[in-house]
């Protein structure tokens, strides 16, 4: 791929970096970059300055770079620099750039030589650079100097690893040529995070400072300690050159001259030097960006989809539009009306699967809670019979009656009908509360405008309470109507004749066949206590029995309990218990289950308890209304009189009891039918009509429109941030989409072939030229190395390591014949047992025979 295409591609990433850095998202997005890693005084700063063509990085002894420097190089006709923290300010004097880097470093890290992982973003525009993005990291050091913290080595290592462990970060490992390459900290760190060598580019500096008679040809030809992407050699300015004001241009010319004139490098001069390093880095970065963009695009699209639904309500919002408030108010009231109706009437669109809607809860009130409250109020048999007995006796007075008085029937019936007011009014209260809860949920969409939300909720809630009063009046009127006239000619009323015939019979509940009424999970709490813990079972309620199974597959039945003579009662919630409990018991004092008189069943909520009670009621299991233990004297007298009733009075009581039961069943059916209809008409439908027709007018009349449509500061900020993020994501995806599809990437180089190491051990003595370069070499690998075969063990084949690939021919010694290459023992078999040659310390004048590039066959870098 040509330089033109590279120049088009890499600025896209710079634009992405700027777009998200401004939003504080740079730390979340791993964009392709090149991290420069090396020891202190390895020449990292000089390499970067050669790219820019200017002196702009701080220099000094010890640790100078204490924060990562994100350096973006941009080709431009003008030459200047910009910092992200000083956006808009152009630095044309690069001495000021150096001072700003030092000042910004001190602002975060202080003056105690500490470090920080917060990057400094610097963009340099120049006609002398190619488009590159690099990160200059602090130099690797091991011993703290001066007032550096004791753990400075680990701090620097952690910070470097924070950058180079990213899969989309290329590593520029800088190593001086006059040090031991096998012990390069930069290469070791790169090898640790990039064992395949796909992300590592080696840079050899200070080639001009090597001792006389030595060179780095084998390293630069990628023969010694090879890297998959190879090495590039550079020659930087010395401190003497810098002090002598030698400019970058002159240094580049001197570098070019050095490679062309050096006998060991002239044949590879076109692949050496800072200009070639720039091109290599550009090519590698471009390839890496192209490989990363598909995953990056998917990540951006995922973020875009996650906020798109919220942004949909924001993106058409235009504060500068004078009519926006009227339009927004109208749309929000309409949406509120639609949401309210959907929650009440139900809708197949966007069904909530987590909780019941307002309409579903009102349905449960109508058909489960209200009937249950009626039955719970109605069935108190002993008290009812006592009241009938008193009514008969009081009507007869001093006389002895021969016939059953119908006035006693009317008195008892009217009293029972009046008792229906309690459950009826309670159902109105429950429905009102559900309507208000529904309104609160619907106004959440208006949360962008707190005043509008508050006013809407207030107006609708006030109307609901107003309708509640009128609905209660109508409910009381309906019950009073029933009390006003007792219609004994009703077609379903049994009449006196039938009541007398049934007076001697025991009243039995009517069954509805053996159909399944309800299924669900319940916890048997009292049995579980005896056996070490409560257990959950799958219960099936029919019209005749209550069965429970091990699970909802209903294969293993645990027990079947007949419903005859069963009643249900409430059980107080236990201490520290989150369960709601009710109990079943037998009215004839028999055991319900094995040795247990009560069967206590637990639910997760009171709603579930009420629902199960209503289902049991449908099956004929009525609630028990226990009579208090503290009885008054009148109760005791009345109870005594009940025991002393004569047979005639007993027959009259039973007759009226049957008449009351028959007539109240008619009234109950009527009330259970009319009360929900009354609530629906006077309350629910009226509230819906009010919201559709009058809410908007009342909002306009209640407050000024501008006041209603004022956004909260938090919402305005959130909306702006959401829209800005949305636009940034759209722009980022558009930038990625702009990449020329015709561009192609250079494929990654194959794994390096280290089979030449095997051959070199078996080769005849090298030529004098080669001998000069290999005067002193490092020892061969120890025979006990755990990461490679021992030297004494012959290799199974010439290609036992990485797959063999063609490599650049160099002045390698001639290979022995093939019969020798497998059978001959390694050259110098006693070499592994010898201590490595000592490296004398640098002191003037340097020893002409001192090795500069030590070439150990380090298994940690070769495997």
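Backbone N, Cα and C define each Cβ position, glycine as well.
Annotation source Swiss-Prot lists compositional bias 'Polar residues' at 627-642.
Feature annotation from Swiss-Prot assigns compositional bias 'Pro residues' to 791-816 (among others).
If you look up Swiss-Prot, you'll see 826-849 (among others) marked as compositional bias 'Pro residues'.
Per Swiss-Prot, the feature domain 'GED' maps to 653-744; the stated evidence is sequence analysis.
What Swiss-Prot records for 231 (among others) is phosphotyrosine, and it gives similarity to another entry as the kind of evidence. Within the same chain, residues at least 6 positions away in sequence whose Cβ sits under 8 Å from that of residue 231 (phosphotyrosine) are 202, 203, 204, 219, 220, 222.
Packing around residue 593 (phosphotyrosine) is summarised by its Cβ count: 16 other Cβ atoms lie within 10 angstroms of its Cβ, all protein chains included. Secondary structure at residue 593 (phosphotyrosine), taken from DSSP and collapsed to helix, strand or coil, is strand. Here Swiss-Prot flags 593 (among others) as phosphotyrosine.
Taken from Swiss-Prot, the feature phosphoserine covers 763 (among others).
Taken from Swiss-Prot, the feature phosphoserine covers 767 (among others), and the record attributes it to similarity to another entry.
Residues or ranges marked as phosphoserine in Swiss-Prot (evidence: similarity to another entry): 847 (among others).
Applying DSSP to the region 'G1 motif' (38-45) sorts its residues as follows: 2 helix, 2 strand, 4 coil. What Swiss-Prot lists as region 'G1 motif' is 38-45, and the listing cites sequence analysis.
With a cut-off of 8 Å between Cβ atoms, the residues of this chain six or more beyond the region 'G1 motif' (38-45) that come close are 57-59, 62-65, 136, 139-141, 173-176, 179, 184-186, 205-206, 234, 236.
For the domain 'GED' (653-744), residue counts in helix, strand and coil come to 78 helix, 0 strand, 14 coil, using DSSP.
Taken as a whole, the region 'G1 motif' (38-45) shows an average pLDDT of 81 in this prediction.
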